[in-house]
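Feature annotation from Swiss-Prot assigns ATP binding site to Arg117, Lys157, Lys162, Asn166, Tyr201, Arg202, Gly203, Gln204, Glu212, Arg213; the stated evidence is similarity to another entry. The feature resiniferatoxin binding site is assigned by Swiss-Prot to Tyr513, Ser514, Thr552, Arg559. Look at Swiss-Prot and you will find Gly644 tagged as Na(+) 1 binding site. The feature Na(+) 2 binding site is assigned by Swiss-Prot to Gly644, with similarity to another entry given as support. Among the features that Swiss-Prot reports, Ca(2+) binding site is placed at Asp647. The feature phosphoserine is assigned by Swiss-Prot to Ser118, Ser504, Ser775, Ser801, Ser821. The phosphothreonine annotation in Swiss-Prot covers Thr146, Thr372, Thr705. According to Swiss-Prot, the region 'Disordered' annotation covers 1-59, 82-107. Marked as region 'Required for PIP2-mediated channel inhibition' by Swiss-Prot: 778-793. Taken from Swiss-Prot, the feature repeat 'ANK 5' covers 286-322, and the record attributes it to similarity to another entry. Under the heading repeat 'ANK 6', Swiss-Prot lists 336-359. The topological domain 'Cytoplasmic' feature in Swiss-Prot is assigned to 1-433, 498-510, 684-839; the stated evidence is similarity to another entry.
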Amino acid sequence: MKKRASVDSKESEDPPQEDYSLDPLDVDANSKTPPAKPHTFSVSKSRNRLFGKSDLEESSPIDCSFREGEAASCPTITVSSVVTSPRPADGPTSTRQLTQDSIPTSAEKPLKLYDRRSIFDAVAQNNCQDLDSLLPFLQKSKKRLTDTEFKDPETGKTCLLKAMLNLHNGQNDTISLLLDIARQTNSLKEFVNASYTDSYYRGQTALHIAIERRNMVLVTLLVENGADVQAAANGDFFKKTKGRPGFYFGELPLSLAACTNQLAIVKFLLQNSWQPADISARDSVGNTVLHALVEVADNTADNTKFVTSMYNEILILGAKLYPTLKLEELTNKKGFTPLALAASSGKIGVLAYILQREIPEPECRHLSRKFTEWAYGPVHSSLYDLSCIDTCEKNSVLEVIAYSSSETPNRHDMLLVEPLNRLLQDKWDRFVKRIFYFNFFIYCLYMIIFTMAAYYRPVDGLPPYKMKNTVGDYFRVTGEILSVIGGFHFFFRGIQYFLQRRPSVKTLFVDSYSEILFFVQSLFLLASVVLYFSHRKEYVACMVFSLALGWTNMLYYTRGFQQMGIYAVMIEKMILRDLCRFMFVYLVFLFGFSTAVVTLIEDGKNESLSAEPHRWRGPGCRSAKNSYNSLYSTCLELFKFTIGMGDLEFTENYDFKAVFIILLLAYVILTYILLLNMLIALMGETVNKIAQESKNIWKLQRAITILDTEKSFLKCMRKAFRSGKLLQVGYTPDGKDDYRWCFRVDEVNWTTWNTNVGIINEDPGNCEGVKRTLSFSLRSGRVSGRNWKNFALVPLLRDASTRDRHSAQPEEVHLKHFSGSLKPEDAEVFKDSAVPGEK
């Protein structure tokens with residue numbers, strides 16, 4: 001690139017001669033330098049030199065003379081857009097616009113040009129020397145590092161973001177230099193908070209990058225210089241989109257530090273004196289930092305360990321910084337708390353931690369959801385907080401798990417986590433069981449009435465039939481009316497179910513198997529009613545289909561009995577998995593071989609059969625004798641081969657007997673021998689594979705029945721049947737009484753002995769002010785009003801808060817951890833033991 005300079009034509013005749021050298025950056029490396037010639041520039045001493053806009057702009061040529069024999073010299077060329085020189089004729093000064101370069105005097109140091117590429121290259125290589133002249137350049141050109149010409153045009157990346165992405169051994173010396181330059185050009189806040197502007201990384205700032213690079217020094221430096229700790233990175237890469245690469249962390253710097261397991265940065269962001277982060281801040285979908293931690297959980301052991309640890313630390317730190325803030329009760333835009341979000345996404349490890357969290361520190365004990373009532377050896381009686389769990393609250397954990405999609409991972413296993421397992425059992429034992437058995441009895445009575453009404457239907461004439469004044473007709477009409485009323489009940493119940501649950505097509509036949517069958521039963525019955533009053537005898541066909549489905553739906557009520565319920569689940573799974581696949585392959589074989597056989601058969605070759613000039617291949621085309629020249633009859637005959645009742649010589653009306661026999665033998669081998677035996681093998685494998693899964697599915701089905709029964713109650717009735725008891729378990733941070741709706745569960749833990757973990761009663765088993773045997777304690781798996789009468793935990797709290805925690809005694813034998821609920825038969829071990837609490 002050639003550099004040019006313009007020189008004032010009205011200069012003095014004897015200007016000083018000076019030697020100038022070209023800036024090496026302005027010389028083309030591929031061009032050859034011609035022999036230097038002596039030259040002289042006439043420049044005014046009072047001329048001010050300023051930098052121009054770009055090297056690419058066209059410049060006016062400079063005037064120079066070359067004298068042979070003088071020493072060769074190269075001019076130093078700098079950019080100037082305005083040259084001011086004194087002119088006696090024009091007044092005090094005369095200003096002239098220059099397009100490219102001006103020539104400095106020998107007393108001034110030449111300045112270097114900078115563009116985006118040169119700055120990016122310098123910061124990427126951690127080269128501070130190349131940026132020595134950046135500040136004078138910006139000051140003289142009145143530009144800032146945040147100007148558009150210094151940003152990546154596609155992503156909006158600045159030189160600070162470029163430097164953050166190019167750390168050398170965890171540091172880049174140009175970062176502090178760039179921040180100092182931005183401070184001196186009055187653009188520090190804008191510069192340090194500049195973010196990506198493209199749709200993929202939109203919103204990511206230097207602070208996000210420093211946290212992602214796990215660099216505490218840079219995080220501190222950025223926050224000290226005014227970095228926004230609430231900046232949200234909401235580009236496509238930071239959203240949770242299925243099938244697309246990315247990492248969702250909650251958009252905010254605090255959430256990023258938490259989701260990448262950086263507790264030191266989390267504490268710094270919350271406790272720094274420059275700009276503390278808001279612990280309750282939400283992202284674009286309403287998630288707080290606790291929601292973000294739940295989102296990044298993946299149910300692996302290492303991940304669950306760090307997520308639960310970070311969750312606990314943030315919860316405790318938030319309670320200390322903001323004592324009155326109920327961080328765990330904040331909901332996102334879907335109305336989910338972190339607990340409900342863990343349930344809806346199948347994060348069973350995080351769910352179990354939140355439900356069973358017990359914090360022994362007195363100042364943070366109000367964060368506990370589990371309180372140890374008493375402990376005796378391995379036996380623990382625990383009180384579980386039912387807030388956000390029971391169905392009395394919106395988006396409760398029980399409803400979220402029971403009514404979630406079948407694609408939710410660990411859906412069946414989550415109901416086995418305490419206190420959910422015991423809570424559902426308590427509801428079933430106290431009231432749902434009786435209501436369910438009553439409904440079962442009513443349905444059996446309904447089906448008997450429906451069957452009798454269908455069996456004794458009139459057969460003479462066309463419907464509707466007139467009622468005769470006989471006792472039998474009165475009973476028949478009454479049965480028909482009751483049957484139709486039941487059909488309307490199942491129809492509207494199905495409509496209500498589909499409107500409330502809105503199951504997807506993919507999960508419709510998995511989660512809504514029974515509901516679909518009841519709904520189809522009602523449709524057949526109502527269609528039969530319409531045909532009956534339309535004077536059509538075809539009403540009988542719809543009625544018998546409804547009758548058959550009605551008795552089949554009796555399997556729905558087997559979920560009230562464990563063994564029959566598990567058996568019904570296995571039948572359902574085999575129908576939906578093995579039998580559906582078998583039927584698809586079998587129908588393909590049946591249709592294919594039927595079309596081949598029916599094409600081969602010709603009835604006209606048999607004189608006993610009437611000759612038909614035009615063959616109709618349909619179910620209605622039958623001669624006086626058996627004719628297999630139709631697809632319908634041939635399919636029926638081939639079906640007999642499937643069940644082993646076929647005859648290879650069921651007809652003689654065909655040509656090419658060898659071909660006919662080969663077709664039949666191939667069909668028998670593929671269906672009767674191969675497909676049927678494969679179906680039997682698959683069913684046996686399915687039974688072995690889903691034995692335990694079927695039990696969990698049965699528990700889920702029973703849980704859905706329990707919740708449906710509760711939802712059918714009025715609000716006043718729900719409160720009357722609510723499990724647990726309202727108790728004062730301590731004090732809130734502001735000194736008020738802390739009341740919780742608690743549910744008691746007796747557990748056995750062979751690794752944690754009688755240690756002071758929170759609230760422990762001195763007299764184990766003495767929760768009512770009266771003595772009770774250990775066997776009763778073991779059998780009492782639920783909380784009733786009688787158990788909780790005149791019982792409060794406030795005295796225990798006051799006593800526990802004044803004592804220091806005792807260190808756990810070393811165990812003599814290291815046993816494998818076991819945590820579960822005591823069964824009634826376990827009490828036999830303690831038959832001869834002294835009653836706890838007695839002297």
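Here, residue 1 is simply the first one shown, and the rest follow in order.
Every residue gets a Cβ built from N, Cα and C, even glycine.
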Ser118 (phosphoserine) and Tyr201 (ATP binding site), Cα-Cα, nearest whole angstrom: 24
Spatially closest candidate among Arg117, Thr552, Gly644, Asp647, the listed binding-site residues, to Ser504 (phosphoserine) (Cα to Cα): Thr552
Within-chain partners of the topological domain 'Cytoplasmic' (498-510) [C-beta distance under 8 Å, separation at least 6 from its ends]: 403, 405-407, 516, 519, 576
When distances run from the Cα of Asp647 (Ca(2+) binding site) to each of the recorded positions Arg117, Gly203, Thr705, the nearest one: Thr705
Site extent for resiniferatoxin, whole Å (max Cα pair distance, Tyr513, Ser514, Thr552, Arg559): 14
10 Å Cα neighbourhood of Arg559 (resiniferatoxin binding site): matching recorded positions from Arg117, Thr146, Glu212: none
Between Glu212 (ATP binding site) and Ser514 (resiniferatoxin binding site), the C-alpha gap once rounded to whole angstrom: 49
Cβ-Cβ neighbours of Glu212 (ATP binding site) (radius 10 Å): 19
For Thr552 (resiniferatoxin binding site), the one of Ser118, Thr146, Thr372, Thr705 that lies nearest, given that the modified residues are compared by Cα: Thr705
Nonlocal residues around Gly644 (Na(+) 1 binding site), in sequence order (Cβ under 8 Å, 6 or more apart): Tyr672
Env. residues of resiniferatoxin site, Cβ within 8 Å of mean position of Tyr513, Ser514, Thr552, Arg559 Cβ: Leu517, Asn553, Leu555, Tyr556, Ala568, Glu572
Residues Arg117, Lys157, Lys162, Asn166, Tyr201, Arg202, Gly203, Gln204, Glu212, Arg213 [recorded ATP binders]: greatest CA to CA distance in Å: 25
Model confidence over the repeat 'ANK 5' (286-322) (mean pLDDT, whole number): 93
From recorded positions Ser118, Thr146, Lys162, Thr372, Thr705, the one whose Cα lies nearest Tyr513 (resiniferatoxin binding site): Thr705
Those recorded positions listed as Thr372, Ser504, Ser514, Thr552, and which of them has the most Cβ atoms within 10 Å of its own Cβ: Thr372
